[in-house]
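Below: the structure, in structure tokens.
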């Protein structure tokens, strides 16, 4: 029984779409059916769709309790320098509010190097130019050794959603993106299958910046591309996650920690991920010695 429930939990996102489509169609289809038998058949379809929809909601709320416990996996940091953690699993799980698309333990990272200002949320227009953000164009690196199984970089880098109006627009836009599937949410991204079957993804990469293709063998620390603002993103940032499947529609997220990074007010590197609103320094030892992070208040999250 547990295996069946786990299988249903994994595929809940796929089952939700046709069930919702049938229920929406039920608003007008019965009026178009003249035959009594056909109408009864349609009613059965609609009731089944309603049952599936309710099951999907129940699984979304409680299904994660069936998942086995996993210890965090040590991976290389996907960025170098001084970055701010947002939507962090060190603060809450699921970090992005949902477990869909393997995002349960995902983290967003925005660049805040010393001497380079990052625009404050709520200042300026609703949609700032992405060139104003220091993360744009920063190199992004492989977190694990493995083989590239997915690499895309054709989506444009749209303008930032930089105040409340822009943020509302982004959330409305995200509903439309959902119809296109996870690729339209993640934007340009690279996924690597590690030698032990874990799938590491970095997302929202800059258009035309990806340096690898499917089938390429990479090592942790190899440059994959550059940070951009493609997909469902409020500003240029790197979205990083581990999952247990290649298909993001059915993937479960896996916990991770970055190797040898400096977090918050710590003076020494160690393993971990920054909390939401906490800085992280990753990179060469000289930078870790010369550049110490400081805490800042939480800002509007990236996605």
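Every residue gets a Cβ built from N, Cα and C, even glycine.
Within the set 12-29, 66-83, the record from TrEMBL flags 12-29 under the feature transmembrane segment. Sorting each residue of the domain 'M23ase beta-sheet core' (136-243) by its DSSP state yields 22 helix, 34 strand, 52 coil.
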